[in-house]
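This report refers to the structure that appears directly beneath it.
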Amino acid sequence: MSRSLKKFVSILLAAALLIPIGRLAPVAEAAENPTIVYHEDFAIDKGKAIQSGGASLTQVTGKVFDGNNDGSALYVSNRANTWDAADFKFADIGLQNGKTYTVTVKGYVDQDATVPSGAQAFLQAVDSNNYGFLASANFAAGTAFTLTKEFTVDTSVSTQLRVQSSEEGKAVPFYIGDILITANPTTTTNTVYHEDFATDKGKAVQSGGANLAQVADKVFDGNDDGKALYVSNRANTWDAADFKFADIGLQNGKTYTVTVKGYVDQDATVPSGAQAFLQAVDSNNYGFLASANFAARSAFTLTKEFTVDTSVSTQLRVQSSEEGKAVPFYIGDILITETVNSGGGQEDPPRPPALPFNTITFEDQTAGGFTGRAGTETLTVTNESNHTADGSYSLKVEGRTTSWHGPSLRVEKYVDKGYEYKVTAWVKLLSPETSTKLELASQVGDGGSANYPSLASKTITAADGWVQLQGNYRYNSVGGEYLTIYVQSSNATASYYIDDISFESTGSGPVGIQKDLAPLKDVYKNDFLIGNAISAEDLEGTRLELLKMHHDVVTAGNAMKPDALQPTKGNFTFTAADAMIDKVLAEGMKMHGHVLVWHQQSPAWLNTKKDDNNNTVPLGRDEALDNLRTHIQTVMKHFGNKVISWDVVNEAMNDNPSNPADYKASLRQTPWYQAIGSDYVEQAFLAAREVLDENPSWNIKLYYNDYNEDNQNKATAIYNMVKDINDRYAAAHNGKLLIDGVGMQGHYNINTNPDNVKLSLEKFISLGVEVSVSELDVTAGNNYTLPENLAVGQAYLYAQLFKLYKEHADHIARVTFWGMDDNTSWRAENNPLLFDKNLQAKPAYYGVIDPDKYMEEHAPESKDANQAEAQYGTPVIDGTVDSIWSNAQAMPVNRYQMAWQGATGTAKALWDDQNLYVLIQVSDSQLNKANENAWEQDSVEVFLDQNNGKTTFYQNDDGQYRVNFDNETSFSPASIAAGFESQTKKTANSYTVELKIPLTAVTPANQKKLGFDVQINDATDGARTSVAAWNDTTGNGYQDTSVYGELTLAGKGTGGTGTVGTTVPQTGNVVKNPDGSTTLKPEVKTTNGNAVGTVTGDDLKKALDQAAPAAGGKKQVIIDVPLQANAATYAVQLPTQSLKSQDGYQLTAKIANAFIQIPSNMLANTNVTTDQVSIRVAKASLDNVDAATRELIGNRPVIDLSLVAGGNVIAWNNPTAPVTVAVPYAPTAEELKHPEHILIWYIDGSGKATPVPNSRYDAALGAVVFQTTHFSTYAAVSVFTTFGDLAKVPWAKEAIDAMASRGVIKGTGENTFSPAASIKRADFIALLVRALELHGTGTTDTAMFSDVPANAYYYNELAVAKQLGIATGFEDNTFKPDSSISRQDMMVLTTRALAVLGKQLPAGGSLNAFSDAASVAGYAQDSVAALVKAGVVQGSGSKLAPNDQLTRAEAAVILYRIWKLQ
């Protein structure tokens, strides 16, 4: 027992001896309850006391008086004023605002002191302007005094305690022998389980023969919402409703209060003596808890406090007495609460004050207390190198074989708990000579539950000499009296020196948590569990307070990993993990198990061995599989149902796999993979499932867990793996899943695109498994510093994520943060969490707590993407800057992605009909490629999105091309290397890269836009220290094309008038293009703002004669009408006969505000008789459009298309010769996130706006493109229509929204779509005709089906479908329009409709992959096979379900897929 504790106990014993015997027990009980917040006996120094006024404070000994038996005291002398005193600051002694404490001060006045009459000691709460009296006691010479008072801290009026005197005693010196401050623990009532039956039966299960049904509109006292559980069909007392302890979270040995609100109907027959009973039961025991009388039309309440004893009962039952056994009743509400301490508790034994730490210099030629962490390192005091001024020695560290090996020093005796310390070590790398990362860290606690916070790290070389590592850490826990500091290296064999190690307090004392914050777990209690990753230090003191306040589930950071639980074969070490789990459960939280199978933090013996040459080789499959199964099953059985879920396998998938369709090839080549094979993941889950099958009462979910899951290639590979494993298992086990859930780790950074997170989340949800966000953190800033703008950005991303999670809450079980505060995070240098190192909320907390509010108040500034042009021309790829580059636009590569601003440069681009050419000139005098990672070498990268799709993930046309200064290349994906060429040249201060990229996914042409970026990687001493780009500042270009700039192809066909490009032959005003088309430049005249380009018959003939047929057999003529000054209207005048021709050619009018593709038969079968016609484009007026429509159109382009003949506008409508129009439009960044919602509205003469279903945004053209068979007014718009009942069909939401926005489909209500409802045959035909904009043959004598009335709302669409041969009906001339349509009939109708449009589906499709292929009717087999091969139909799991009724959601998806085929 320490001296302080002895003295405190003696005080209590002395007080007890003065109390009458009858009152002893209550006082003793009270003495056990308070928590000691601060206790000082001045045994060593002045403690936390500071001088007030002119007083002198001196620590003395030998001053024994009543209450101060050890004689140590603080002497307060040199007093001339009342305020010449001793102060104790609240912040220093751990007092928190709003909390109530009891202060007791024991003091004394010397026997020879002069004490005036009325002199008193005062205890006050003060600051510089306020003086709050608390207590007083008389001064008397040779006499002790006691000051005691309970008070509540209010930091707005006082900041410290002061022990002073009254005015009469202002000159009296005195002693303080002891100051004790305690707090009574407060209690709070936690809700453990609450069910109001608002949506279903909750956790209630049937007992006996009772029927349980969820009902509404049963309002009674205590059940205002009317939702209730109806318990009927009762004939026995036990025909009742049960609530299993395990299901509702009740734990053995804990005490709860249960309250049940019930009701009996007015017309119920209620025998005399009938009662409701609440019991705790199992199959053999029935423990009565409470009763209440049944009465017709009356509510009843059952309530009881009880303690769970699982040896005699396993569930609660709401039943009846014998007399009431036939009475049906309602349960409107069941509430179970637990009363727990919300603060206080048992105080740890007082620790001795921290000892002073003397800087360790090794000048005494000893190791200064340092030892090897593994015990195998060689630590030598040496004079080979030294850092100490005027010194000679340092400690040399050698013999390391693993990254965590290194010198370690115990420091717990130098720590005052709760204080922050600055730790410094000087290091010098010995070997290797190349760059190596050295890290200064601390260990808190021993064993599997320890924590290892990083304090500082630097990447250095041997040439750097001595380098300082320094960082701060607050020791809220002393780790069970085990604290160390150590130096390690990511290079497992690196050797180094250390010197001048210091460890000093910063003076920042214990901190409290913010009790006035909204607990995260409460905010999301109706959505998902909120979790955190913990070590042992998080289960005590202030950290435990924060953990319990905000979280209801935890994950062990290290304590349950394989190396912690089975370090050697058969030696299971559960002690630390057991202690952690027991503590977690005792504190009312749940536990998630992490992890059973992982390639890291697993002992080598599990899957490898040494061969005869001492090389590490894989174990044989059988032995490794036995080790895997034994570990999984032993661990799971040991912990049993103390956990709610397990990460069975962790991080098995490669990052960004190039072929995610082959998930087995995408797996990491881990030791488990090498020993067992690609099925090791499945084998692990099979072993885990066996344990659960043996213990059916355990409600435990089995998870696959992985990181970088926002990368779409990786997410697809994970999806394919889980789907394959689950589908095969389900087929053999009656639909049961093997893998219950996917853990999305969520280790993100401030530039993570949440759209990618959403794509992955919805992908995993579509598997039918639950999802957990398992290890969430978001890095921002560096070097332990977080600027305000980055803090806001970090919070904004957290807000975006939690908005996303809440939208998908039905499928998310828990969201777990990977750490509570920045200081203890494994990514501490980058400040990734919601709370700072002092446990105070950051902006990130507020982003999480109210995402919508935070995003509204902190909307980020949008930044336009860089734009540039690439000129037409073909350079020689030799690394030399030829003259052809001279007029190419220079793109500065100077947007930095990292704090350090290093190498920069410029880029230029050229193009021809096959390739893109890029020249990058880099200014950099120190070139380095020491790192084996290509991206950490001095290099350039070109990012290319050929279709300019701006997707947040890579499509087949996207690529990353990397070339270092020595012309060594790397690619992502690897397949894009084909046809790539590059050359480099170096000078003393720069290097040049010239490269050629084949344009394989697009046809290069003027005005074609490519997504494009250039990046320069600057390496120093084997590490990338700077990244500069032309456009992207996020660093996500390797997976996200939305961050690229835009490169527009230009200059083709200039005829040699420029210095860049290829000269093409031309005759007069006709230019022949390399692709075989011709460009005709007509004479243009502008009159009164009307620009008309006139094409004569001779002009057109000349252009057609020079044009060569394209791949489709048609000749192409481009009519180029350039911009004209002061022109508001543009027209192209053509010979009328040129548009009545059946010859195969196509005209494209390229004018200022539109591109119009005109078929040669545009005017066929029309009665236009003039010699010339003009196609005119003008900016349209919206005067006849209502205000709401005008507002929706906004400032987007609106054009009026018209056909003019003889000076008059004539109506044109030709369904057989559609015209294609492209309206240039630059969408906003927000619109580009959902380009499928950019479309065209047709505006008729009355101002009514109707969507054009075929319209869509073409990113490559930078225009909204549509086909029309009539001319009118058209407007570009962005329309987003959605419905509120799509949460359960995330796989269909994009399709439903896109089709609804185009007016193809409509909802069943204002905000409902009814996605699960079946769809009628007539309705599907109508949707099909509308989506594909099908037109009839023009005949009016088509006989309709006999069961279709002429006034049917779908009549016109069905008539079109019948005329076109799509709808053939049944043999009796009926169509059965109101019958539900089967999936196979849908497929037949769809293939017929596509055939009408001339869309050829691929032949030779096979249905062998589907288990129910034999169920497809003969008439439907070809259609089904064709749609499967085209990707329009994908089936559900391994089934086609051809005879199932088509749902509205499925119909929308099919329509969307065929719409995209157009």
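Heads up, the Cβ atoms here are built off N, Cα and C, so glycines get one too.
Listed in Swiss-Prot for this protein:
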ACT_SITE  E651  active site, proton donor
ACT_SITE  D706  active site
ACT_SITE  E775  active site, nucleophile
DOMAIN    64-165  domain 'CBM-cenC 1'
DOMAIN    207-319  domain 'CBM-cenC 2'
DOMAIN    360-490  domain 'CBM-cenC 3'
DOMAIN    514-851  domain 'GH10'
DOMAIN    1279-1342  domain 'SLH 1'
DOMAIN    1345-1404  domain 'SLH 2'
DOMAIN    1407-1462  domain 'SLH 3'
SIGNAL    1-30  signal peptide
Cα-Cα distance linking the residue listed as 'active site' and E651 (active site, proton donor), given in Å to the nearest integer: 4
Lowest local Cβ density (other Cβ within 10 Å) among active-site residues: E651, D706, E775: E651
Per-residue pLDDT averaged over the domain 'CBM-cenC 1' (64-165), given as an integer: 93
Distance, D706 (active site) to the residue listed as 'active site, nucleophile' (CA atoms, angstrom): 9
Residue distribution over DSSP helix, strand and coil in the domain 'CBM-cenC 2' (207-319): 4 helix, 58 strand, 51 coil
DSSP three-state assignment for the residue listed as 'active site': strand
Helix, strand and coil counts within the domain 'SLH 1' (1279-1342) (DSSP): 24 helix, 2 strand, 38 coil
